[in-house]
């Protein structure tokens, strides 16, 4: 695995090492650049990220569904205005006072719906292809919503080629007569070159033949279209053939000047192609041969890093191509293996991000060629962002949409962080390149190791206006990113030549001639001969000197190890102290927060109990409550009735006395009747007697009614006394409850005092820890070898503290706390 240059360094350290290695390479760029362009001054180039906009025309079905409402207006060659339709969220928000209904965006160049593939290629790809041939790595990626024409812009059709096959044709036209046809030099890792043996060359040829044979369709239409396109090239003369005149659509194309590139006439170039996709955050090789007889699971590739921190895809196939036709056939083979699906908004929706890379190996035109440099041009067809409520996807399609949107979101975060880091007044923020496979592969192009170009594809649909507005805002942010481009990548990143087994071979510098290399080999041979003729004593002396050097080196390394160990111990101890301080602060915060929570809960419960007791008492009082006025009135009535009863009793006594007198008179009447014969009874006495009897009967009835009323009043008084007694009992119970709550409050106050005592104990333990720290440093100053029992001493100190009665009390206290974990 070491031969493949895989890095085992952690992710955060790799970011730092990459930036450091990038700066270190910059220092030797001037010497290597002079080999390519001797009269060119070496300097960094700062330019904003080029962002091109292409607007897709309407289809007949879209016009029939009334999707055209003038949402997109092209003002000039660089400006586009978006007008929000009534049904969009942007219009609804603007009506509420949030945002605007009209937005204006500026691009490097705007291409309208009537733009042809040829016109778009001429206006967007000339500079990046020229820089690519000069040695600068290039990246072209499309961005937009689903069904916006991204794949058509990159690949096109067999009759209307996209920017990828047109770029291939321009490259091969420029290399005409300087094309290295052998396959013994192959790209390796990220920027290196592997020299293949004869057997390995045969394997590469067999692999290429097998891959091209997997495409069973005829390619005559492709070759005819390519030959019609051959007039787009880097040479100053037009490329025409006898059978195929130049295309009329490309008459206005200004050919790239060959003298503006650093491809000299005595140099050759070899072209290699790879094609991969990122599907659900997994990388797959689209040029791998799969068996058609039985279903076979595709192999997942890993993204690794070489010794320079440069990313590459391990085990990705690189196929040597000799013409544009072969490159287009490989593109078609990869598209057959790519992940497509049908959604509501797009019948052929790309469900993955595809990356088509063209790697150019620059070689010397000699009998034994030497590698001068490597450059790479990548075309990335990003899958479109989509909303599931509009595409109506579910299952695997929903998972794919989630991964697509997530990777595009991380790309937006990276570009936003790059924009923020350009401000020198703000603190540099972390750029999350490693959160996604896509951004990890894009990282070199955004960090100065290449030139990036963004193509924004939009449609004019009313139903997707909100998504289009989001894409435009993202492109406006990307256009503000300033690229730091190190020109002529051949000079900055000289390739490392490795053998067929992957081991490094002799590195050929562009400044080293064949004679210099021969002189160096002869000098080394002479030195070896001189060593063989030394005497035995000289050899022993040389051996002793070497032993002394080895011993001195061991001593220095031992001292360095001791120093490093000491620094590591101090750092670990400092980290332990910081961790302890952080946890102690956290414990204090937790104690304060829990105490506040307990106090608030206690007050809340206390108020709730008081309120509940008051409500219960009020309910009982309302049930048995008699107003004082009614009670006093009833008492007055009782007193009046008692006075009336006394009066009636006195009257009764008087009447009873009268009755006795009448009785005596009645007893005297028979005697008088006996004495007076034939006498008549006095009528007056009879009438008086009858009247007295009637009065006695009435008084008796009145007395009975008064006694009944008195009995009722007595019963009412008894009921009132019983209610008063119950209220007195409830009052005593409430007083008892309040007394218990006061006792609980006192216990909580005691616990608070206990907490304060424990805090004092913690502070004393911290003082002991400081003393142990001082003792530790004192012992370290006496002994050079660091003590290895530091952590054990700390653990023993904590254990001894926990074994003390105070520590046990703290453990019991934690068990009694309501928030302690069990």
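Quick reminder: no glycine exception, Cβ is built from N, Cα and C everywhere.
All TrEMBL annotations are machine predictions without curation.
Pulled from TrEMBL, these are the features on record:
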type     : residues                               : note
BINDING  : 144, 145, 146, 147, 148, 149, 150, 151 : ATP binding site
COILED   : 591-658                                : coiled coil
COMPBIAS : 794-804                                : compositional bias 'Polar residues'
DOMAIN   : 48-481                                 : domain 'Kinesin motor'
REGION   : 776-822                                : region 'Disordered'
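Location within the structure of each feature annotated in TrEMBL.
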residue	record	contacts (Cβ under 8 Å, 6+ apart)
144	ATP binding site	150, 384, 385, 456, 457, 458, 471
148	ATP binding site	56, 384, 457, 458, 459
149	ATP binding site	54, 56, 457, 459
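If you draw a 10 Å sphere around the CB of residue 146 (ATP binding site), it holds 23 other CB atoms from the protein chains shown.
Reduced to three states, the DSSP call for residue 144 (ATP binding site) is strand. According to DSSP, residue 150 (ATP binding site) sits within a helical segment. Counting Cβ atoms from all protein chains shown, residue 145 (ATP binding site) has 23 others lying within 10 Å of its own Cβ.
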